[in-house]
Amino acid sequence: MSGDGEGIKGCPGNEPGELFRAGRLVKICAPMVRYSKLAFRTLVRKYSCDLCYTPMIVAADFVRSAKARDSEFTTNKGDNPLIVQFAAKEAQVLCDAARIVCPFADGIDLNCGCPQRWAMAEGYGACLINKPELVRDMVRHVRNQIDNPGFSVSIKIRIHEDLKRTVDLCQKAEATGVSWITVHGRNVEERHQPVHYDAIKVIKESVSIPIVANGDIKTLKDAENVHHLTGADGRRGTMTFQWTAVATFLYGEVVVILVLCLPFISPLRWQKIFMIPLWSKIAVFWNKMFLTIIVLLIILFLDAFREVRKYSAIQVTEKVANVNTNAIDHIHMKLFRSQRNLYISGFSLFLWLVLRRTITLLTQLAKSMASHAALETQVNDTTEAAKKYLAENERLQEALNERGSGGNKESAKVINEKLKKEVEHLRAELQKTSNALVKANNEVTAVKKQSEGLKREYDRLMREYERLQESSSEAEDKKDL
Ligand SMILES: Cc1cc2nc3c(=O)[nH]c(=O)nc-3n(C[C@H](O)[C@H](O)[C@H](O)COP(=O)(O)O)c2cc1C
């Protein structure tokens with residue numbers, strides 16, 4: 001190990017993590033055995049390279065042999081920020097190597113991506129992507145034993161054929177407090193095949209630490225394109241799309257509830273608004289939409305809850321294990337984000353239920369207000385009618401009183417007397433009339449008898465006449481003869 005005689009850069013030194021926090025494209029010279037030595041690094045730094053790696057150094061040799069240190073690692077004052085890459089399979093060995101380079105470098109990187117047969121056979125390089133626990137132990141050891149919180153501990157990996165395993169590895173590494181992850185977008189078998197930038201993008205979206213995209217980047221333009229394609233730019237993770245959507249939904253709910261509660265818009269008006277044709281069309285899907293959103297929010301809430309529990313547990317373990325403050329900060333940040341997501345989804349769920357209840361109550365209130373108004377009209381009409389009858393009644397009462405005042409009883413007696421007299425009079429009249437009738441009847445009978453006598457007399461005279469007539473005609477006949 002050798003420097004340029006101007007002294008060590010010192011530990012603590014620069015913070016390479018700051019490069020990623022700046023939010024712009026970070027240009028990195030990848031570790032290359034035999035190539036990325038001091039001279040090469042000095043050259044690329046002249047061409048605005050932001051961060052350089054040393055070639056991979058086997059940590060065990062480096063720790064054991066001074067000769068190995070001298071030949072493998074040289075640096076100078078201008079050689080920064082610098083990351084020393086190690087091949088290691090034991091936590092303590094890696095830690096010892098990190099302690100040795102700490103005064104001369106800004107961080108160490110664990111090689112989990114070398115696919116060479118000798119490295120894999122030794123348990124180094126890409127075979128570590130199948131041992132996430134060992135990777136976690138190694139990172140944690142370095143974090144615990146290097147006092148400088150700005151000293152970075154990163155890993156460089158290749159991807160699994162099953163991307164889920166890579167995502168899992170990265171999330172575990174992130175939880176351990178790794179500073180960033182370089183992803184060579186090929187699997188262990190691939191050499192010159194196209195790089196899976198889509199896989200890098202997925203990894204980038206599943207963690208919030210910086211992800212460095214690696215593979216097939218030969219020009220600055222390539223770097224910009226890959227940066228654009230994968231989103232891997234070293235920027236700190238922003239809110240993911242789903243949580244941005246939930247937060248927007250939450251704001252929307254708050255606004256709608258506030259508008260619904262405005263005091264100068266009456267429930268009746270709201271009902272009229274709900275009655276407009278557009279709403280009635282939406283209402284057909286309303287129940288389905290309501291249930292779908294409830295289910296989605298519950299899933300998100302449970303997911304956030306799971307994350308909170310996970311990071312709370314990790315935080316406790318890390319504190320107990322006395323891990324470096326940087327790692328604890330990182331876990332704290334993850335915990336904060338999952339708690340924020342828990343609140344967002346929880347409040348969204350709550351307000352969604354409140355919103356539905358508010359709309360139902362408004363509709364019910366509008367209905368009861370309408371029926372109340374109808375009842376009021378009915379009551380008014382009835383009161384009017386009752387008043388009219390009352391007035392009429394009073395008027396009649398008054399008239400009766402007026403008539404009745406001055407001795408009702410006496411007038412009734414007088415009337416009675418009058419009526420009696422009238423009855424007597426009528427009775428006498430009736431008697432007279434019946435007498436007259438009897439008299440008339442008698443007269444009629446007498447007249448009848450008289451007329452019968454006359455009739456008999458007439459019949460007798462007629463017979464007498466006929467007899468005389470016959471006797472006269474007989475006398476004349478005799479004369480003629
Ligand atoms: C000659 C050479 C040496 C390399 N040495 C290392 C190394 O020591 N450590 C490491 O992690 N990767 C090493 N790599 C891999 C590169 O860092 C990088 O991941 C790879 O070159 C990207 O793929 P590409 O060459 O198709 O662009 C080496 C690559 C080459 C070509």
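Cβ atoms are placed via backbone N, Cα and C, with glycine included.
Sequence annotations record features per position, and here TrEMBL assigns domain 'DUS-like FMN-binding' to 29-234.
TrEMBL lists 239-374 with the feature domain 'BAP29/BAP31 transmembrane'. Per-class residue totals from DSSP over the domain 'BAP29/BAP31 transmembrane' (239-374), listed helix then strand then coil: 123 helix, 0 strand, 13 coil.
Marked as transmembrane segment by TrEMBL: 243-265 (among others).
Annotated transmembrane segment per TrEMBL: 285-305 (among others), in sequence order.
Annotated transmembrane segment per TrEMBL: 342-359 (among others), in sequence order. Counting residues 6+ beyond its ends, the transmembrane segment (342-359) has Cβ neighbours under 8 Å at 243, 246-247, 249-250, 253-254, 256-257, 260-261, 274, 290, 293-294, 297-298, 300-301, 303-305, 307-308 in the same chain.
For 372-478, the entry in TrEMBL reads coiled coil. Confidence across the coiled coil (372-478), taken as the mean pLDDT and rounded to a whole number, stands at 81.
Residues or ranges marked as domain 'Bap31/Bap29 cytoplasmic coiled-coil' by TrEMBL: 421-480. As a summary of secondary structure, the domain 'Bap31/Bap29 cytoplasmic coiled-coil' (421-480) carries 60 helix, 0 strand, 0 coil according to DSSP.
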Please indicate, using numbers and ranges, the residues of the same chain that are 6 or more beyond the transmembrane segment (285-305) and have a C-beta under 8 Å from a C-beta there. 242, 246, 338-339, 341-342, 344-346, 348-349, 352-353, 356
